[in-house]
Amino acid sequence: MERARQANSAGRKAAPVSDHHTLPVHEVVLLLETDITKGLGPGQVSRRRSQFGANMLPRSKRGGMWRKLLRQFNNPLVYVLLAAAAVTGVLGEYLDSGVILAVVLVNTLIGFVQETRAEAALDALHSLVRTAAVVLRDGQRQEIPSEDLVPGDLVLLEAGDKVPADLRLVRLSGLRVDESALTGESEAVSKDEVVLPVGTPVADRRNMVYSGTLVTAGTGEGIVVAIGGETELGEIHRLMGAVQTVATPLTRKLARFSSTLTVAILALAALAFAAGVVRGQQPAETFTAAVALAVGAIPEGLPAAVTVTLAIGVRRMARRRAVVRRLPVVETLGSTTVICSDKTGTFTENQMTVRALWTPSASYDVSGSGYGPAGRISAAGKGAPEGAAVEPESTQDAALYWSLLAGGACNDAKIVLDGQLWQAQGDPTEAAMLVVAGKGGIDVAEFLAANPRRGTLPFTSERQYMATLHSPALPGQGGTVLVKGAVERVLELCGTQLDPSGRPAPIRRQEVLEAVHGLTRTGLRVLATAMMHLPKDAGPLAEEVLEGRLTLTGLQAMLDPPRNAAAASVRACHDAGVGVKMITGDHVGTALSIADAVGLRTSGEGSRALTGSLLDAIPEHQLPDAVEQTNVFARVSPEQKLRLIGALQSRGHVVAMTGDGVNDAPALRQADVGVSMGRSGTEAAKEAADIVLTDDDFATIEAAVEEGRNVFDNLTKFIVWTLPTNMGEGLVILVAILIGGTLPILPTQILWINMTTAVALGLMLAFEPKEPGIMSRPPRKPDRPLLTWVLTVRIILVSVLLVAGTWWIFELELAGGASLAEARTAAVNLFVAVELFYLFSCRSLTRPAWRVGVFANPWIVLGVVLQMAGQLAITYSPLMNGLFHTAPINLKPGCGSSASRCLPPWLLPWTSASGEQASRRSRGDAASGPLGPVCGRENGLRWAT
Ligand SMILES: Nc1ncnc2c1ncn2[C@@H]1O[C@H](COP(=O)(O)OP(=O)(O)OP(=O)(O)O)[C@@H](O)[C@H]1O
């Protein structure tokens, strides 16, 4: 009573989550005011929805944001900069200290924004893979988005489902659940309805199932007792703070690379500082120069660029209907060497239409297309619709009647009229069989009303058939068993075949197999049907009951046309050096025929196709050879898929594998790229997959491989662009320290170059479109380093060019009578100009810069414009001149050092060259600058203005 009061009064916490396992079902029903046979009514649902909200895990709280912001400070470069700011502050150079701090702040904010955006992009992906739940509401079975579940809903579960909320089980049959997501226990647990004592730990609550766990076998029904953040999963989510990271092996490798580099550069900077001091240079100035060296040489933009490039790749893939669930896979995709794909729905449309029927005494054609009722059954060869329509009950062929009935009644699909279009709900194979039963005049609903279903052996890929028991009497009273399934499997169970008069006769297997061969040769998918009568005391429906006792009634052959784009995609994969293999549960004849239609290579050294049973007969050491040389595998079970992947991986292949069933999960995990089907896949398969295809199409896998390659290209481009920049900056300063000369670029100016060019120029490379011919080169070897020696030489050359150019312009300006500030400004501008031109060279790693369309990547154009505006500002704006110790420079030779004589008149009001005072400042010969007195070059290392 006390419990019930709590339950009805306290919002989302209404049903004390931890208590439901201690209550008998009827109390839970009372508590949650629901109905165990009809579920909730529409009014109850909408009321509870507004009271309890959506069934979603809460988004990360603001605390997460602060943590993320603070994380940005945890970076060696920031430490170096903070140290530099402190030292310059202590030295009284407050302006410089302020500039450095501002740069730290801006850098942090940029990092924060980038990380937030990348995470938001990934978050958005989750909503693309929506989880559905099947509920009973108002007596109607409905499929709804799991967000719409409310407490009290009656949820129906079957193998492959992801449990959408915390449920108290009310009915179940052989229900087993994988709770590893919650308890870490990898073995699936059996469930039952018994009431449990108070204090039973979550892992032992057999009468409950929890949100986020997976049903591996059986069926069940449960009442929703907790949703969203109130579920056990929500609790864990809250405890962990649910921080989504964007780390992948590559980002980790690069982060390691940058930190090693950082340590090396810091050591070098320390050495340079020591060398400078030993040689008698001013410690304070040498320290600042050493900081400039460190700041310049550390490639601080690298981790951010990697994250952004990956996030952009993931977004592009989502646009092409491949939703990435695990980020590291984006890298792996680019190295994929073999794609193992199933057939139904991936290479084919999964739009089934029964075209031919066979019974032990006759063959029939079926007319009509799609799932519409229009169409007829006529004797084979006579042609429909001219041929006489068959009305099974009035014809002499009883086997046809029983075959159509088995197809229609041993069936969970539905056909609905959606506008003008007849649509299949449920398994397309079953929908096709339901339609043909209608074309044959069978009233399935009438049969079911008179002979309700008393038992079911559901279809699974292992069982390969489905059986239902129907009887007009009470359960356990015998009746009729109807079966449909894979031909080989059903034949194993049959001892007889039905003759036209409806009497069992000895089965003629050879004849049946010949008929199957004839039908599959044209690419039709063939299922067999069978039946048996059970005596009154036969007990419940079980596999053993059927062994050898079924009577074959016929074959149904359906057309599932190959997808339009499949052949082109297979060709593209072959051009890209990626092998394509079909691994299907279907008959070998059907598989081969579709394989030929989509252009899979089925001739050559290996056998044309291997079936699951042949695979089992191949010794382990010969398997890799056999698997490598064969492209079609038929009647393969999920366990055999695991063997296939292992064999390919042992040959160094990087394997992408598709799967949709609950038992495909291990294979999807074992594959380098696990791909599951968004439409037809079970939740278990989606959960195990790295990528979910929202359209189930093979072409999408090919598109994902292409995008994966592009991500790698763009990352390489960024690295090839950024490393010379950093090396160049570091070397410019190192040379200055070593020769004891004046710094041609000041630390704050280096900061300017680094921060602006990385964002405005470098990051824009992440948006580069695909290189032409990206799919006509072989896959990247997974162990190949990011930088080949050609690229390394290129990086060194550009670094040297940058150093030489910077020193050259600096010396030239000084020799021409320019002030230090002017000479440095020229050096900064030259440095940025070289980077800018080099950016264009990095846009393609295979083509010369002029062959890449300038506007192919509009972001680059925007970045260049922004960077140029920034350079104008730092050169000519008095404020920036003051902050960065720069000065307006002359654009024409022979102008002398006063910009006022050289600049176009419209620029003058914006420059510091408009007045006498500014002119003096621009020369850098003011009596004192923000960092102390003016120094001559001959006095050794100087970085003051
Ligand atoms: N709903 C069903 N009821 C009974 N038998 C079925 C059903 N669906 C498929 N089958 C039979 O079981 C076989 C294996 O099915 P499975 O789902 O493993 O693979 P598939 O659908 O043929 O092809 P793929 O593996 O390419 O998706 C099918 O070829 C078919 O003969």
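The backbone N, Cα and C atoms fix where each Cβ goes, and this holds for glycine too.
For reference, TrEMBL has these:
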- 19-93: domain 'Cation-transporting P-type ATPase N-terminal' (DOMAIN)
- 69-88: transmembrane segment (TRANSMEM)
- 94-113: transmembrane segment (TRANSMEM)
- 260-278: transmembrane segment (TRANSMEM)
- 290-312: transmembrane segment (TRANSMEM)
- 718-743: transmembrane segment (TRANSMEM)
- 749-767: transmembrane segment (TRANSMEM)
- 787-810: transmembrane segment (TRANSMEM)
- 822-840: transmembrane segment (TRANSMEM)
- 852-874: transmembrane segment (TRANSMEM)
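Highest Cβ pair count under 8 Å relative to the transmembrane segment (290-312), across stretches 260-278, 787-810, 822-840: 260-278. Proximity of distant same-chain residues to the transmembrane segment (94-113), defined by a Cβ-Cβ separation under 8 Å and at least 6 residues beyond the stretch ends, is recorded for 68-69, 72-73, 77-78, 81-82, 84-86, 88, 300, 304, 747-748, 751-752, 755, 759, 882-884, 930-931. Comparing 260-278, 749-767, 787-810 for CB pairs under 8 angstroms to the transmembrane segment (852-874), the maximum falls on 749-767. Averaged over the domain 'Cation-transporting P-type ATPase N-terminal' (19-93), the predicted model reaches a pLDDT of 81. DSSP states for the domain 'Cation-transporting P-type ATPase N-terminal' (19-93), grouped as helix (H, G, I), strand (E, B) and coil, give 47 helix, 1 strand, 27 coil.
By the Cβ criterion (under 8 Å, sequence separation of 6 or more), the transmembrane segment (822-840) is not in contact with the transmembrane segment (260-278), since fewer than 3 such pairs are found. Remote same-chain residues near the transmembrane segment (260-278) are listed as 76-77, 80, 286-287, 289-291, 293-294, 297-299, 730, 734, 737-738, 740, 941 (criterion: CB distance under 8 Å, separation of at least six residues from the stretch ends). Beyond its flanks by at least six residues, the transmembrane segment (787-810) meets 716, 719-720, 723-725, 727-729, 731-732, 735, 744-745, 823-824, 826-827, 830-831, 834-835, 838, 845 of its own chain at Cβ-Cβ distances under 8 Å.
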